[in-house]
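Asker: Before we start, here is the structure in question, set down as structure tokens.
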Amino acid sequence: MTQPCIISVAITGSLPRKRDNPAVPITVSEQVESTQAAFEAGATLVHLHVRNDDETPSSEPDRFARVLEGIRKHAPGIITQVSTGGRSGAGRERGGMLSLRPDMASLATGSVNFPTRVYDNPPDLVDWLAAEMKAYAIKPEIEAFDLSMIFQAVAMQQAGKIDGALHIQFVMGIKNAMPVDREVLAFYVHTLRRLAPDATWTGAGIGRDQLTMARWSLELGGHCRTGLEDNVRLDKQTLAPSNAALVSQVAALCEEYGRPVATVAQARALLGLPSMEIDGRSPW
């Protein structure tokens, strides 16, 4: 059977504002509604940042708690993944929401240049975030911005800092970081298969490269990420009307490439996560 494709939706991010696209969900209710619609369109994993009311990035655990509660109610079974990225807090503040026990959390295993700053991930912070994820039984999604981050993730797994099979997200298209290049992506995938044969991976392209990365990921056996965090446009002329519209676009690509869109149960099994119910009870 052809492997199903997990569609991840990054609904908000830290950067897009309403002025960029009015559909960017900012409030708790907007984020819950946007996730529900994306879920109904085929997304089985939601990547979460939260915002303050003035649209600035936040790492406030209470806000994460309210979003997670709403998503678990209105998109039952969807894989919840919180961001520990550096725009919404400093140091250990970035992991303040991990005690809420989402299914997954992002973990960058090294530092990288971004358009106007360094995305700083010093080893002691990376180790602390990984330890918190392990303590709360949260599966990390390794954010790989270059090749070294794959090797670092494997080393952390071998040292017992990360449990279970790795899940890597290859991020391409951020200015000053790795550009979108199919040969590089293919080498990343080859390297990952050599170092961690049981690992899974997702491709994430930024802006106009979002669909290009989705196509390559489908061809190479990976999974796909979409959403207004990475790209506010449906095409060159059209703003995306919703996260659900972007998910539908990727779902159509899955059909084109003969990759069925993963169900919640399939996505959880592929990532080694608990099923929707444990002993007849919700895992939450």
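A Cβ is built for glycine as well, from the same backbone N, Cα and C atoms used for every other residue.
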Asker: Which residue of E183, E219, E229 does Swiss-Prot report at the same Zn(2+) site as H47, H49?
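Answerer: So, going by the record in Swiss-Prot, that would be E229.
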Asker: Hey, what's the Cβ neighbour count for H47 (Zn(2+) binding site) at 10 Å?
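Answerer: The answer is 28 other Cβ atoms.
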Asker: Test of understanding: give the count of other CB atoms lying within 10 angstroms of the CB of E229 (Zn(2+) binding site).
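Answerer: The Cβ of E229 (Zn(2+) binding site) has 23 Cβ neighbours within 10 Å.
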Asker: Have a look around H49 (Zn(2+) binding site) and count the other CB atoms within 10 A of its CB, chains all included.
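Answerer: The answer is 23 other Cβ atoms.
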Asker: So which other residues, same chain and not among H47, H49, E229, have a Cβ within 8 Å of the centroid of the Cβ atoms at the Zn(2+) site?
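Answerer: Other same-chain residues with Cβ inside the cutoff are A10, I11, T12, G13, S14, L48, S83, G227.
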